[in-house]
Every structure is written in structure tokens, then in C-alpha cells.
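A.B. asks: Okay, these came from TrEMBL:
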DOMAIN    1-359  domain 'FMN hydroxy acid dehydrogenase'
BINDING   Tyr24, Tyr129, Arg164, His254, Arg257  glyoxylate binding site
BINDING   77-79, Ser106, Gln127, Thr155, Lys230, Ser252, 285-289, 308-309  FMN binding site
ACT_SITE  His254  active site, proton acceptor
Amino acid sequence: MEVTNVTEYEAIAKQKLPKMVYDYYASGAEDQWTLQENRNAFSRILFRPRILIDVSKIDMTTTILGFKISMPIMIAPTAMQKMAHPEGEYATARAASAAGTIMTLSSWATSSVEEVASTGPGIRFFQLYVYKDRNVVAQLVRRAERAGFKAIALTVDTPRLGRREADIKNRFTLPPFLTLKNFEGLDLGKMDEASDSGLASYVAGQIDRTLSWKDVKWLQTITSLPILVKGVLTAEDARLSIQAGAAGIIVSNHGARQLDYVPSTIMALEEVVKAAQGRVPVFMDGGVRRGTDVFKALALGASGIFIGRPVVFSLAAEGEAGVRKVLNMLRDEFELTMALSGCRSLKEITRAHISADWDLPRLSPRL
């Protein structure tokens, strides 16, 4: 049966993947309220389309940190992609490059920065977890730089791993034939079996819980690459990110996998954008499954969006061709949404093109 939208890949992936792997990719933290909300919140934003505008030519190109890309749709870092497909991150990198967009490689990839660079040209960012051993971090950042990566996406919402109950039930661990390739030579590439989630135990042992704003400054002393702070949900932290020298902000709740009952990212976006006051670009990830979602994010002030789960699900279903198709479908839907809303370029997408439920005056209940 022909796949006609991004969401359909999830069911195919569920059929194809071992339960432990599918659950790892699909699940969220605790009650998974935020996981549902990341999707549901988009449906509370409606369009205010403008008519009788010549939309015969539509330009979706944009510039991110000085790099020109074909569309404001990029690939978020997702871990351990070889669990989804033997080609893993190689396939994702080639698909992103073919689509003319940016891929972010996870620290916990099953392919190394050098291996991903070897797939050919492409604009790539590197997602960084800060390990307790700062020499490991410095080495990894240098390797990413040498491999031609263009920015560091610093994940700041994971001093501890969120409680992902599916992973606890499944005793999740990295399959024995795979390693976290970036850490292979450092004896940090394997995950031990654990009495709960092997990943949670790995994080507890390796990831630095003392991480603070001073470390964002420290990172700038060891690299000249721009730093995106990934995991911001409030105006306060947006302002602190800018003060700490961030080149950009990614509004993210880690795919609803960390703290449950945080707002959806599309709901948190506007607060962060207002606080940033145009000083740095603001991006978002979480729940984007349609071109209409992309448009809504841009109307609320995002400079671009990142997709995560659609990549691993399409990768599981059809490998590189699946990831290419996801990027093409989102691109085509976004272009259609722009045309039907009367926008010919990204700069024409404004807040006036949408109405969100929080714009409505709150009617007080009658006593």
C-alpha cells in the first residue's frame, strides 16, 4: 500500500522492528501526556489564509547559521539508528544531503562522526551530551570539527534520563552487534544489561549532572563552532542562553521523553521567540508530522523545525528511500500550505496567518 503521509510510517515500523527497539523510539516519559500533547497542540492552531495572491512561484529556501538550505525542515538527532536499519545514520545522512537540508548526528549514534562525513558532502550538525570526563567531550568536539560538522547542538535537558517505562519493562539495551560508535575507542561504547533500562544506567554513570551555564561558556573556549542550546522551554532560559553566548535556541522537550507534563513545543515556542527578540534564531522539534505543522511553527516565529521520529520510522520501513520520502512529503505539503495561505516566501509567513486557541478572549463562566 502506498504511503501518502509521514504518520503512516510508524505502523510499518512497528510491524518490522523488534518490540524493544520500536518501544525505545516511540515511547515518551511516564504517562506520556506530553507525547500526545506534542501532536494535539498543533490542532488547536488554525489558519487565516490570504486569497488572490499570485502563488505561481514559491521559494522555501532559507539560511541557517549562514548555510543555505532548500527548506526549513531539518533532521533532529536520534540515537542508535542502526537498530532501525543496517545502514542507520549513513542512510539518513545521504537522504538529508539529497534533500538539500541539515542532518544533526546524535552523540549516541551507531555510526561515528568520521563515518557519517565519509558519505559525501552535506551540512551536518553534531548533538552533544556532556560526559563527566571532560576530556571525552573535548575530544569528541574536535573530531566533529575535523569531520566538517558545522555546529554543536548542546542537549541541556538530560542531567538524568527521563522515566521511560517501556524501556524499563523491556530492559532496554543496545543490541550486542552495535556500539555507540563515537565512544568505541574510549570504552564507553557499550551499554550493560541492567535491572531496568540499560540506557538509564548508562546515563547515570556517564552523563554530567553538574552541567550548568558556565559549561556553555566552557564549550566556547574549546570550539569555534556555533552552539545551539537544545531543550529550552521558557523565556527565562532563552534569555540566559543568549547571555551565555548561544548562537541559536532549539525549543525542545526531547520528544516528550524527559519531564512529562511540560507543554508541547509548539505551545512553548512563542514565549521563547518573544524572549529572544530576534537576537538569535529559534528552532523547534517535537510532534511535526505535516507541512501544516511546519507552517504553524514558522508563523509563531521559528526559523526552522527538526524532525526526529519520522526519520527512524521511515528508516525502519524503507531505509534511505523512506527518509527521502519523508523529507519530500513534508516539503511538498509545506509548499502547498504556503500557496493556499498566500505566502510566496518564508518571510511572508506571519503571525497573522494563524489563530491559536490562546488568542481568543477567555470568557469567564457565568456565576
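Cβ from N, Cα, C; glycine included.
Are these features on the surface or tucked inside, and what touches them?
C.D. replies: Neighbour list (Lys230 (FMN binding site), Cβ cut-off 8 Å, at least 6 residues apart, same chain): Gln127, Ala153, Leu154, Thr155, Val156, Asp157, Ile250, Ser252.
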A.B. asks: What's the CA-CA gap between Asp285 (FMN binding site) and His254 (glyoxylate binding site) in angstrom, rounded?
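C.D. replies: Distance between the two Cα atoms comes out at 8 Å.
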A.B. asks: Using Cα coordinates, what distance in whole Å links Tyr129 (glyoxylate binding site) and Arg309 (FMN binding site)?
C.D. replies: 19
A.B. asks: Counting only residues 6+ away in sequence within the same chain, which have a CB under 8 Å from the CB of Ala79 (FMN binding site)?
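C.D. replies: Listed in sequence order, they are Ser106, Ser107, Trp108, Ala109.
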A.B. asks: Of Pro77, Gly287, Arg289, Arg309, which is closest to Tyr24 (glyoxylate binding site) if I measure between C-alpha atoms? They're all binding-site residues.
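C.D. replies: That would be Arg309, the closest of Pro77, Gly287, Arg289, Arg309 to Tyr24 (glyoxylate binding site).
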A.B. asks: Take the Cβ of Arg164 (glyoxylate binding site) and count every other Cβ within 10 Å, whichever protein chain it belongs to.
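C.D. replies: If we count other Cβ atoms within 10 Å of Arg164 (glyoxylate binding site), we arrive at 24.
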